[in-house]
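Before any comments, here is the structure.
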Amino acid sequence: MGLGLGVRAAPFTYAAHALAVAAAAMVLVWSIQFRGGLAIESTNKNLIFNVHPVLMLIGYVIIGGEAIMVYRVLPTSNHDTTKLIHLILHGIALVLGAVGIYFAFKNHNESGIANLYSLHSWIGIGTITLYGIQWIIGFVTFFFPGAAPNVKKGVLPWHVLFGLFVYILALANAELGFLEKLTFLESSGLDKYGTEAFLVNFTALVVVLFGASVVVAAIAPVRLEEPQGYDPIPEN
C-alpha cells in the first residue's frame, strides 16, 4: 500500500524489530524483577496476573505486529509461503492474547476482584473478538477454501484496513492497561517518580513507537517507484 509517503518500508521494519526486542525485555524486567515473577498457579495472585501483560505485549502486540509486517520483511519470498507465515503469526498472536486475557480473569476470580468493570477490559474483549473474526475471514477468503479471485480482490483492501484498525485498537488498549496498572500501584503506595514507575512509562512509550513503526511499514511502499494503491498481496 504505497500512499505517497515518500519513504520506504524497510527502515520502519528495522526500527520495529529493535523496538520489539526493547519492549519485550522491558516488560519481562518489570514483571520478573519488580513484580516478583510469573506463575500459572500461586498463593500470590499477583504472580498469576503478571502473565497477562507479558503475553498481551509479547504474544499479542509484538507477534501481531510482526505478522502485519511480514509482507514487507519478506517482499521477494514465495507468496504462498509468506501468506502462510502471515496466517500462522496472527494465529499465534490470537491464541496468546486469549491466554493472556484468561490469566487476567483467573487473577480476578481467585482474588475476589470484579471482572469487566473497566474501559480497558471492555476494549480488550472487543479487540480480541474482532481479531478472531478478522483471522477467520482471512483464513476462509485467502487460505482455505479460498474465495474466487475477484472476491479476493474486493475483500483485500477491507481486510488490510480492518486489520490495521484492530491493531491500532489493541495498541491503544495496551496503553490503557499500562496506565491502569500503574495507577493502581501508585494508589497503593508505589513511588510516582521511582524506578518502576519510570520503567512502566518508558515501556508504554516504546510500545507506541513500535506500533507507529508497524503501521508506517505496512502502508509505505517497499520501493519508492512502486505505483500507488495496495499491491503487496496478490489476489491469487
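A Cβ is built for glycine as well, from the same backbone N, Cα and C atoms used for every other residue.
The topological domain 'Cytoplasmic' annotation in Swiss-Prot covers 1-11, 72-84, 144-153, 223-236. What Swiss-Prot records for 12-32, 51-71, 85-105, 123-143, 154-174, 202-222 is transmembrane segment. The annotation domain 'Cytochrome b561' is assigned in Swiss-Prot to 15-219. The feature L-ascorbate binding site is assigned by Swiss-Prot to ALA67, ILE68, MET69, VAL70, TYR71, ARG72, VAL73, LEU74, PRO75. The heme b 2 binding site annotation in Swiss-Prot covers HIS86, HIS159.
Everything Swiss-Prot records as a feature, shown here on the structure.
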residue: ALA67; record: L-ascorbate binding site; DSSP (3 states): helix
residue: VAL73; record: L-ascorbate binding site; DSSP (3 states): helix
residue: HIS86; record: heme b 2 binding site; DSSP (3 states): helix
residue: HIS159; record: heme b 2 binding site; DSSP (3 states): helix
Item to check | PRO75 (L-ascorbate binding site) versus HIS86 (heme b 2 binding site) - Cα distance in angstrom | outcome: 12
Item to check | Positions whose Cβ lies under 8 angstroms from the transmembrane segment (12-32), at least six residues beyond its ends | outcome: 38, 50, 53-54, 57-58, 61-62, 65-66, 69, 72-73, 196, 199-200, 202-203, 206-207, 209-210, 213-214, 216-217, 220
Checklist entry - Which chain-mates of ALA67 (L-ascorbate binding site) that are at least 6 residues away have a CB under 8 A from its CB, listed by sequence? => result ILE85, HIS86, LEU89, HIS90, ALA93
Next on the checklist: Taking 10 A as the limit, how many CB atoms besides its own sit near the CB of HIS159 (heme b 2 binding site)?
Outcome noted: 18
Checklist outcome for this item: Between the C-alpha atoms of VAL73 (L-ascorbate binding site) and HIS159 (heme b 2 binding site), the distance in angstrom, to the nearest integer, is 19
Item to check | Taken over the topological domain 'Cytoplasmic' (223-236), the model's mean pLDDT | outcome: 51
Checklist entry - Cα of HIS159 (heme b 2 binding site) to Cα of MET69 (L-ascorbate binding site): how many Å, rounded? => result 14
Next on the checklist: Can you tell me how many other Cβ atoms are located within 10 Å of the Cβ belonging to PRO75 (L-ascorbate binding site)?
Outcome noted: 15
